[in-house]
Structure formats: structure tokens, C-alpha cells
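Encoded as C-alpha cells, the structure appears first; notes follow it.
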């Protein structure tokens, strides 16, 4: 913003209120107040718009407009106190510096190789999504020049209007796709590819518009274009060599040298200075450098990590305020101006949507997919504001046209999400009907499908060793495992970089073509898949923590798995105690347990098999199933019997039976209603008899009964097996005995009473624990209550109390 200030320039710091200085009259305290005000307002707006699933850029645009002359700025006292004209050069400088580095981050999101691999369909859709709105933008510019834009330079105005209407905001689009779970669909892949092409084309057209908007002759504009082209060619020849050398000096697994990060940021600034000197804009140099940074390896990730939080969280919102201070909605007055606003919005939407839909239908996409693509490609955002601000600064756009175009960008971005939700509903398998939703089944020879989830490398060894133990005998295709890497989608630029790495060419898989660039997660799973006879299919889910469970459940339904295995939200410290990894992982697990279309297991990792994969010939595990009764315990035993098929595993099944004397003395028992015609105890007997019959003659499987009187005796029996390698227990065991476990000590209700006992200090063991919940079309109310309650919830209200002689002969109140 070019502002002529007649008053003397501001000093940086004040002497303080006590010495009579007003801090708001000095640049540093004033800019601090401005930044804090912007951050608070935009974050509050983002929170309020979250239920509408709007990207954060919408909140930032609205926040900028509210702080400007359109809303709060109508109060002149506020405007001159918080945003006085003398402070605007400082504010604009900080905003553009932040924008410079943000455009560098946007450049790192674009992979030139992916543009070369863009399919013909995506390329045609991108070209149609640029051409038609560009032509309509030029047509609209004639209507504007004859009414509210009289006297502006025709050539740059035509190009600026065409560019403004044809832009698709690539980073904003990627976040909308991730929010709507469309990243791995055909529509998502097509939209991402087309938007990447659109983004590059928009920058080229913008460079042309800036060159034409200069005050010099056409010869000068030509020289600006040629100089800009020469700068880009020079960067392409030199920059990759420098960056590749830096990347080679940064081996995987080691921290990136600070010198290389600083050198890269200095190159970004130098490139910005060069393009500004040429007469294009400093942003172009930063964007070009970002595009040329190598995308693989730790170097690019370290760069993004160092820069993104400060830039996107602190400085970038200032750019929206800078735009908002230039936007005065009050300049749109009269029927003619509002009619022109409607015309611009209608032209922008029609050009993007109609162009994209027509070409999509010609490419044999369905009507729903074509409409969804049209709405998605109509997304505007930061790049749109950059175009408008440059046009305003160059004198191409006046105040009224600028306000109209900002409102158009806000409206088109806001409408994207609700329209896509309304028109496009990906073909979810209609309440997928499949039989094998549990481990417990009549025909165990059929293929078993399991979905294992993990958030990082910490749980990989235990998961792989658990898969090895589960693969059973040498049945052909006996086990298929879908290994899902759960990644959180954030507002950071690195989230989109993560999207690119996670899905190449639209596939929800890691890139297998470059083994040297694969991280240790891929190597671990691929190596295990090759060495064993297990079919392993890794994939990635990228979504916010609040909806991550939807990805897990949808994938389980789609893959028709029998069990989902998720990691416990805590990890074991060196002293043996558990520490929370991330609190919101707990909510993910609870929602999976509540809504899963199959059985669920929570793995509590204590290092099953050590810190590496144990080969089949070296497996030597002792597995213990604690059986009290009920659906979950039967599922746990079924899993244990599957594990026992492995030649290196011995299985102990301990069935706990309450002493008949205690049953006779019981005073109060809460009976859970069971709709099954067969009593639960009889189902347990039938199932146990069947398992014993199938394992007869197998010395590696041992069944034993343990008669106990109370919880203390039960705990003592379990302590006797503390040297086993893996406990398998039901989440909500049934029966009088388990109902008497102290519910106050259940800090993690999702684990149930036995799971909580095995992670408490009462049982000293190094064994991992698998807590199993059997699939039922409708979970019992007690189970649902435990999942929905907080840490203070009490699991199992049943208590059986009586007066009896204890083992020591002393009188005691037994709480079973």
C-alpha cells in the first residue's frame, strides 16, 4: 500500500507509559498490538467457521475485512489509533516479507515432475478451467471499464481481470479435499493435478500482467518479460545443483545443518530482490526457488519445518489485514455497483464450473464427478488476493473494483465445501454386507483380513511381530494385512507436502518406485512382506484428528476386514510407567471402538519381540489368554487360537471360575439383559469345548481352570504368568467376578477392567497386551457408557459384597 505520510516517521520503541509516552505512537509496540489483534480475531473466526468445514483462509479474509474500513474501521478513532497511516509501511513490509517466505513454501508444495506426469484428462480440465474464465474475465472488464473503471490502462486491466477469474487456489483446494475425505478418490486426484497446472499457468499470466502494467513503453514491458524469463532459466540451471549438493550433505536420520537452512533462506531473499529489480515482483523469485528445492529427503522437510510456523501462523495473517485495510465495501453503492458485483461472481462461477464440467463430461466422468470438479476448481484464496493487491498497488484496480473482487473471492471459496458435499457423495459401499466381521468364525480356513493402524515408527516392530504371530499355518493367502499410516492434517504448508509424499499419481500408497527415498516405515513393511507369506498393503490416511476415526472405519468397511488393531494412546517409559503420547489419539480409539464395522483390538506396546522384526524360525513367544466369559473374551480366545497355529508360540488359556461358596453368599448382582436364547455361560461352555476339541493333541496349547474367591486372588493368579510375552484379554469381560474390579482405578475405560489391571502397577510385567472387543451390531449400554464417559467414569456398576472367611481365616468384606 502506497501511503504518503506528512508526519515525521515513527520511532521504533517508546520510553514507557510512566514517562508520558503512548506506546501506540511507536512502531514496535504498535505492530505487536496489530499482530495480536489479527491473530485473536482470525483464530476466533476460524473456530466459529469450523462446523461449516471452511478452510482457514476464509476466516483470515473475513478478519481482514472486519478490521478494515468496511466494519471496525468506520470508527475513525479506532482506525487512527490501531492502524494509523504512518504505521502502514511497517505493516506492509512485514506482511510482504511473510508472504515472500510463504510463497517459497507454496513452491515447495509443487513438484515439477508431477506436472510432467499429469494425465491428459487432468490437463484438459485444467486448460478448460483457465481458458473460459479468462475469456469471460476479459469480457467482464469491458463492462467494468464502461462504468466504474473509466480511465484505467486497458491492456493490463484486461489481463488482471482474466487472471483474477481463472485462478484456482492450490493449497486451499488440497485442504478442502482432505477435509472432505476426497484426497484418494478419482475426483481428488484429478482436482489436485488440474489445480497444480492451473497454479503454474496463473503465475505466468500474472507475470505478463505485471509487465504490461508498467508505466514505460511496450519495449520496456518486453524487456521485463525477457529479463524475467532469463532469470527463471538461470535459476533452473544453477539452483538445483546447489540444492542437490546441500541435500547430499544432509543424510537421513541426522539433523540438517543450520548453515544450509540459512543459505537457502538467503537465496530466497536474493531471488526476491532480483525479480523486484527486474520489475515483476519479489514474490516470483521466492516461488521459483521453492519449486526448484528437491522434494525428497530430509532437506525440504527441515526447511519447511523451520519456516512454516512463524510465517503462516504469525506473519501471513498480516497480509490479509493489509488487504482488508484496502477493502472498503462501502464504496459499492447503488444498484449499478451491486449489479456489477453479481455479474463478476456469476461470470467467475460460470466460467470455472461450466468449463470444467463440459470437459469432464467429454472425458467420460459422471455428472456428479464433473460438478464436484467444477465446484472444486472454483476455489479461490491467497493467490487471488495477491493478484488483486498487486493490481491495486500498480493502479490497475480502483477501490470499488478491488472491493468487488475481494468479495467475489470470499464468496466463491465459501461456497465450495457446501456445494461439493451436496452434489458429490463418493460411492461408499452401501452398508457393506460381509460375513466375516470377527476373528471367531465357523470356517477358519478362509482368508483373515486385519487393518493395523500406526501413527509413527514407535509401534512398528511390535505390530510386525504381532502380524508374524497372527499369520498362522502355511495356508495360501491365509492373512492379508492393511497397514494404515495415520497422519494428521494441519493448516501448515508441510501438510500438503505430506499429501504429495503420501500419494503419488493419486494412489493412497507410498511411492514404491524410489526405494532409496523410502523411509524406514516402508522398508520395514516391504521387507516383512517379502520374507513372510503375508500379503501386506500399506496405505495412508491424512485427516484432522477429529475425523481420523472415519478414515479408519471407512477403510475397514471397504476392505472387509475382520479386525482393526489400533495402538494405545500411551507409550511405556524406561522406568516402566506409561506416558501419554497424544491425548487426542485416545478419542480416535474410543470412536473406532464405538463405530467399528468389525472387531477391534488395542495393542499396548511393551516391545513384543524386541526392537526389530523376529523371523518366523526365531519366534519363541508365550501367549496368555485370560478368560472370564462373554463375547469379548470369546473373541480374545479365538484370536489366541489363531496365534497358537504359529509353530514358535505356546498358548496358555486360563479360565477364571468363581468359587461356588462365594456365589452362594452373594447379596446383590446386577444382571445384564441378554437377548440371546442361549445363556452367556452356556455359550462360553460350548465355545470352550469346541476349542479344546480342536486343539486336542496339540501340546503347545494348554487350557486350565483357576477357582478364585475375589479380585485379590485373581490378581495373584495373573501375576504368576508375568513372564509371558503377550496377554490377550477381552475388553468387557462378563460375569460376577470381573464386575467387582474397582471401577475407580479404571483410568482408561476403553481398555476395560482387565486392560487397566495389566497396565497398572499391580502387575509387574514386560508383556505387551492386546485388548479385544468383538463386533456386535449394537454394543451393550455399559460398553457405550464406558466409551463416552471421561476418565472419571465408573466401568461396571455391579458390586457383589458378602461376609466370608478369607484365605487367611480373617473376616473380610469380599469385593469380587
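Sequential numbering from 1, following the chain as shown.
Glycine too: its Cβ is placed from the backbone N, Cα and C atoms.
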Per TrEMBL record, range annotated transmembrane segment [choices 338-359, 426-447, 448-469]: 338-359
Same-chain residues at least 6 beyond the ends of the transmembrane segment (122-144) whose Cβ lies under 8 Å from its Cβ atoms: 157-158, 161-166, 168, 189-190, 193-195, 197-198, 201-202, 205, 340, 343-344, 347-348, 350-352, 354-356, 358-360, 362-363, 373, 377, 401
Overall pLDDT for the domain 'Cation/H(+) antiporter C-terminal' (621-776), taken as the rounded mean: 81
Contact between the transmembrane segment (338-359) and the transmembrane segment (371-390) (at least 3 Cβ pairs under 8 Å, separation 6+): yes
Ranked first among 190-213, 219-239, 260-293, 371-390 for CB pairs under 8 angstroms with the transmembrane segment (93-110): 260-293
Highest-contact recorded stretch vs the transmembrane segment (219-239), from 156-178, 260-293, 371-390, 402-424, CB pairs under 8 Å: 260-293
